[in-house]
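Working notes, beginning with the structure itself.
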Amino acid sequence: MTNMRKTHPLFKIINHSFIDLPAPSNISSWWNFGSLLGICLMVQIITGLFLAMHYTSDTLTAFSSVTHICRDVNYGWLIRYMHANGASMFFICLFLHVGRGLYYGSYTFMETWNIGVLLLFAVMATAFMGYVLPWGQMSFWGATVITNLLSAIPYIGTTLVEWIWGGFSVDKATLTRFFAFHFILPFIIAALAIVHLLFLHETGSNNPTGLNSDADKIPFHPYYTIKDILGILIMFLLLMTLVLFFPDMLGDPDNYMPANPLNTPPHIKPEWYFLFAYAILRSIPNKLGGVLALILSILILALMPFLHTSKQRSLMFRPITQILYWILVANLLILTWIGGQPVEHPFIIIGQLASISYFSIILILMPISGIIEDKMLKLYP
C-alpha cells in the first residue's frame, strides 16, 4: 500500500511542504528564521486568544482588565508577558529573516519577496495596534501621535484621522476598533504566510552561494526538521529568559500608568522595533516629508530587486558590497538608538545623518558597488 502521506489530498500538501520537500544541502542557520516566524505567529495567536478571553476593550476597564489578567487569572502574568515579549522575538526573527534575504539576494524571487514586504507591513500594523490595547500612557499617546501623522495627507488628512479615531480624539471607539483589527490581522498574516510559502515552493529555496542547487538537493525531513527544532529550542530559551527574568526590560515604564489625555509623557516613543523608522520620521522637519520617509524606509525593500546590478546573486563573493551591507546594519542600530533619545542636540544631527546614509547606501552606494565588482571580475565585456 502506498504511503498515506503521499496519496491523501490534505496530507499530500503537508508532505510536499514539510517532509519530502527538496531543499539545498548547504543552507545555513540563517534559513531557520522562516520556521521560527511561523512558531512565533502560533505562540502569539494562542497567547493572544487566551488574553482576549479576559480583556475588555473599553477605555474605563481596559487597563484594569490587563491588571486583572496579571493578578487573578491562572498563569495570566505568564500569558501576558509571553505575548508582549513574543512580539519582540517575532521582530528579532523578522529583521534577521529580512537581513538574510538582503544579504543572499533572495529578493530575486519577486513574488515571495513582495508578499514578504506585505507581511512585514501587516505585522507592524498588528504590533502597533496591540501596543494601544493595555491603555497605558504610552499606549494612548503612541496611538495619538502615530494616527495623527495621517493628517499630513493633503486635503483628506484631517477627515481621515477623525474617521480612524471614530471621533475627535483617540477614545473608546478607537480602542474598540483597534482591538477588532488586532484580533483579525494575525489570521490574515497566517493566510499571507501560506501564500508566501506557496510562492517559495514554486522556485525552491535560495542558498548561501546564490547558485542553482538543483543538482544537490536533500529531503527537508529529517535534515531540516531537526535543524529547525534546535532553532526553536534556542528561541524559546531566549523568550522564556526574557519572560521569567526580565519581563519589563523591553517595555516602557510609562505604560504602567493609566492613559490620561490631560498629561503628556516626557518622551513619547514606540516599542524598540519601531525606533529606527521613528528616528527617520523625526529627522525630517516637515510633517508630510517625515511621513513619506517613514513609509519609504520600509517600502524601499520592494525596490531591492530593481536595485540589484551585480551578475552575482549573493554577497558571499562580493567583499565591497559586504562592507556596505554591514555599515547599513550598524546604521540601523544607530537609528534605533536615536529613536529612543530626546529631540535635542546632538541627537537631531546624528539622526539626520543616519537617515541620509540609510537611503544613500541602499539607493546609490550598493548598486554602484555591484557594477564596480562586476568590472573588477571582468563580468562585463
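Yeah, the Cβs are placed from backbone N, Cα and C, and that goes for glycine too.
Here Swiss-Prot flags 33-53, 77-98, 113-133, 178-198, 226-246, 288-308, 320-340, 347-367 as transmembrane segment. What Swiss-Prot lists as heme b b562 binding site is His83, His182. Residues annotated as heme b b566 binding site in Swiss-Prot: His97, His196. Look at Swiss-Prot and you will find His201 tagged as ubiquinone binding site, backed by similarity to another entry.
Through the fold, the transmembrane segment (320-340) approaches residues 99, 102-103, 269-270, 272, 274-280, 282-283, 310, 347, 350-351, 354-355, 357-358, 361-362, 365-366, 369-370, 372-373 of its own chain, all at least 6 residues removed from its boundaries and within a Cβ separation under 8 Å. Candidate binding-site residues: His83, His97, His182, His196, His201. Fewest other C-beta atoms within 10 angstroms, His201. Counting Cβ pairs under 8 Å to the transmembrane segment (347-367), the top-ranked stretch among 33-53, 77-98, 178-198, 226-246, 288-308 is 288-308. With respect to His182 (heme b b562 binding site), the closest of these binding-site residues in Cα terms is His196, chosen from His97, His196, His201. Beyond its flanks by at least six residues, the transmembrane segment (226-246) meets 29, 32-33, 35-36, 39-40, 43, 78, 81-82, 85-86, 88-89, 93 of its own chain at Cβ-Cβ distances under 8 Å. Residues of the same chain lying 6 or more positions beyond the ends of the transmembrane segment (288-308) and with a Cβ under 8 Å from any Cβ of it are 98, 102, 105, 107-108, 110, 113-114, 117, 120-121, 124, 149-150, 152-154, 276-278, 280-282, 355, 358-359, 362-363, 366-367, 370. A Cα-Cα distance of 30 Å separates His83 (heme b b562 binding site) from His201 (ubiquinone binding site). Cα of His201 (ubiquinone binding site) to Cα of His97 (heme b b566 binding site): a distance of 17 Å.
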